[in-house]
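Trainee: Mind looking over this structure? Questions follow.
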Amino acid sequence: MEKLYCGMPLLLLVLLLASIDGSTQLQSSQSQTLLRLQQLLYYPKVLNSWNNYTDFCNSEPSPSLTVVCYEDSVTQLHIIGDNGTHMLPKSFSINSFVTTLVKLPDVKVLTFVSLGLWGWLPQKINRLSSLEILNVSSNFLFGPIPHELSSLATLQTLILDENMFSGELPDWIDSLPSLAVLSLRKNVLNGSLPSSLSSLSGLRVLALANNRFNGALPDLSHLTNLQVLDLEGNSFGPLFPRLSNKLVTLILSKNKFRSAVSAEEVSSLYQLQHLDLSYNTFVGPFPTSLMSLPAITYLNISHNKLTGRLSANLSCNSQLMFVDMSSNLLTGSLPTCLKPSSGTSRDVVYASNCLATTNEDQRPVSFCSNEALAVGILPQRRNKVSKVGIALGVTASILGVLLLAGALFVVLRRLNAKKTVTKSSPRLIRENASMGYTSKLLSDARYISQTMKLGGLGLPAYRTFSLEELEYATNNFESSAFMGEGSQGQIYRGRLKDGSFVAIRCLKMKKSCSTQNLMHHIELIAKLRHRHLVSVLGHCFECYLDDSTVSRMFFVFEYVPNGELRTWISDGHMGRLLTWEQRISVAIGVAKGIQFLHTGIVPGVYDNNLKMTDILLDNNLAAKLSSYNLPLLVEGLGKVGQVGSRSGPKGTPSIKDEDKIDIYDFGVILLELIVGRPLRAKSQVDVLKEQLQASISADDGARRSMVDPTVHRACSDQSLKTMMEICVRCLLKDPLERPSIEDVLWNLQFASQVQEGWLQNSNPSSNLGSPSPAASSLPPPSRLHVTTLESPRDSGCEEHER
């Protein structure tokens, strides 16, 4: 009996433990909060398993959905949607979403990726006082990074990648003392980095790639824990930055660095594994010690102007697996450790240097020497030479070149005097038709995002054409190839030897310019490539024999076969008109073209004088802008700095609203897409705008009475109302009140989604005009306009007060 009594406490303890549920039970209020989030996110597929009976804290985690609880509260919530998720409907409220999140007071980690979230990140985000990790990447959030984030003292990771955040990186960033990861890739952030960034001693990852940041970098050597620095695709420069010696990954590609690569800085990076300095203008000697850094595995210095003489006995780290040193000014021999015979499997690219190899892609040594002189750098020599000797050598070389040039000039003048013609024959083509300029023109791709590169457009690389090629394409510019003449020259339709059609614009130069003076403008023009622009494929210079100045320029454009947009709206292209869905798609294409002109290249191209007749349609009915403000067309030379400087109704310069002039022009185009008839006067635009404004607040019938009769029964009311609202906002008199191009795009995409859903749920009785274009073997001529800075406005619609 005594033994039984002694065992009773142990038995009671076992029974007590068995009676306790081994699982964590979430508070009912927090369960309701999670279900409310599901509702606010419009029931995404990833949350299909959630219902009133879900045991959230004990659900099986997955890569796309995880809920972590501690005791009876949610501490982590990870929701990852599908790639390419559309924006949530217009009724979505980011404020309501964050207000609901605040009801999870103990949450430390939030991940909301690819869920279609949109709007300004609200100020009440600071109520998530326990937050340590916030990841809202791959959504549609915009506006500045809210100051209220600075009060989240425990925040360690902030990831805002692939959104539309704008403005500068705030200087309050040092108010986050625990911040270890800051990733803002693929937004539209701009300005220089604040010096306060240097105070984040705990920062391990700084990723700012593919934004619009510029200027010199602050001193980063104090970030003693920084391991990853990714600044690709901005405009940082010109000096090589001061860095922490604990970096593992350093990416500075596609920026505006123009200094030497500091050998002292890089030689101390003993943990560096990945180094990418490509597509800059780094000059001076290439620090060969980079190849033998103790941890280096990836090295890319391509497309710079680095000099130096390589030797076969240079050493490489045995772990180095990838090296790209192409398109520099390197001489000497390829190091043995980089050759395939060295026994190590490495990817090595070294074309377009001046190396002594059997590779046919090398240039002559004289080329690298001359280019080095052009950038103020002398190639390294084996033996040490005094500064005085170098100076004397350079001086003698310059004098020799000047004497030779003078003698050649005298000879040419005498020969020219013997000619019987009164004017020099402009037949000297100073460039060969080749890909020779491609590297120079397109290597500077730091202003263009990866998705806008050549391969994705299906276009050939920008190149120089010979006059013979253009004469062949147009049958010596015969009249049958003539398409028209505007203020900027004649346009011909041509067919190249490969069978592709092109549009060729011929410009007679009104001022004396050498080819060298024009190359800066050519480099800008070569970058204007986008799916929704009529892109330039190349150029040709024709020069006078006597002084080699350019007499004529030819620009070769891609050919757009389906003609002007207006013929598909009001004129009835071959008896067909665009459907409502196609009109929305065209509007989205035009907006994307404008967005690229404003943000896809630096400096942006503004004040493009866009008109309905400037929008062309390709075989897939994709819209292409054929008129944009190129600085190099006759009168525009020497005025590049004034691009986009005019603003608003009064024509006064303003940096803040320079993009809003194109927004007004877009509003006029959108108005014509809606009403379906040509608008050729400002008075028409003003009257229709007022009618549109009144119909928005009226009933459905009033709105449909404004629409092109051929499509007014084939559009949903919400889609139509959204299009009308954004159109009226674009036409506001005050430029500052007009929407941004990102706002325009959001509304157009929302209208498209609403229309798509409406079509799926109904069978409209009138869906007139479903074009099915077929390109003929010789497409009809399409108009091509390229606007200069000082050119008179083309006819077709009088210039509106913008």
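Just so you know, glycine gets a Cβ as well, placed from its N, Cα and C.
Since the structure is predicted, the reported quantities are computational estimates derived from the model, not experimental observations.
In case it helps, Swiss-Prot gives these features for our protein:
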SIGNAL    1-26  signal peptide
CARBOHYD  Asn52  N-linked glycosylation site
CARBOHYD  Asn83  N-linked glycosylation site
REPEAT    104-128  repeat 'LRR 2'
CARBOHYD  Asn135  N-linked glycosylation site
REPEAT    153-176  repeat 'LRR 4'
CARBOHYD  Asn190  N-linked glycosylation site
CARBOHYD  Asn300  N-linked glycosylation site
CARBOHYD  Asn313  N-linked glycosylation site
REGION    761-802  region 'Disordered'
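Give me the local environment of each listed feature.
Mentor: When other Cβ atoms within 10 Å of the Cβ of Asn52 (N-linked glycosylation site) are tallied across all protein chains shown, the result is 7.
Asn83 (N-linked glycosylation site) falls outside any helix or strand according to DSSP and counts as coil. Long-range C-beta contacts of Asn83 (N-linked glycosylation site), restricted to its own chain and to partners at least six residues apart, with a cutoff below 8 Å, comprise Ser114, Ser138.
Remote same-chain partners of the repeat 'LRR 2' (104-128), defined as residues 6 or more beyond its termini with a Cβ less than 8 Å from a stretch Cβ, comprise 30, 33, 41, 44, 68, 70, 73-88, 92-95, 97-98, 134-143, 145-149, 151-152, 154, 746.
The Cβ of Asn135 (N-linked glycosylation site) lies under 8 Å from the Cβ of Leu110, Thr111, Phe112, Val113, Thr157, Ile159, each of which sits 6+ residues away along the same chain.
Within its own chain, the repeat 'LRR 4' (153-176) is flanked in space by residues 108, 129-145, 147, 182-197, 199-200, 207-208, 213, 742, which lie at least six positions past its ends and keep a Cβ under 8 Å from the stretch.
Other Cβ atoms within 10 Å of the Cβ of Asn190 (N-linked glycosylation site) number 17 in total over all chains. In the three-state DSSP assignment, the secondary structure recorded for Asn190 (N-linked glycosylation site) is strand.
Annotation note: Asn300 (N-linked glycosylation site) sits in a strand segment as assigned by DSSP. Using a 10 Å Cβ-Cβ cutoff, Asn300 (N-linked glycosylation site) registers 19 neighbours.
Under the three-state DSSP scheme, Asn313 (N-linked glycosylation site) falls in the coil class.
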Trainee: What are the non-local neighbours of Asn313 (N-linked glycosylation site), defined as same-chain residues 6+ apart in sequence with CB under 8 A from its CB?
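Mentor: Within the chain, Asn313 (N-linked glycosylation site) has Cβ neighbours under 8 Å at Pro335, Thr336.
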Trainee: In whole Å, note down how far the CA of Asn52 (N-linked glycosylation site) lies from the CA of Asn190 (N-linked glycosylation site).
Mentor: 45
Trainee: Could you tell me which three-state DSSP class Asn52 (N-linked glycosylation site) falls into?
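Mentor: DSSP call for Asn52 (N-linked glycosylation site): coil, neither helix nor strand.
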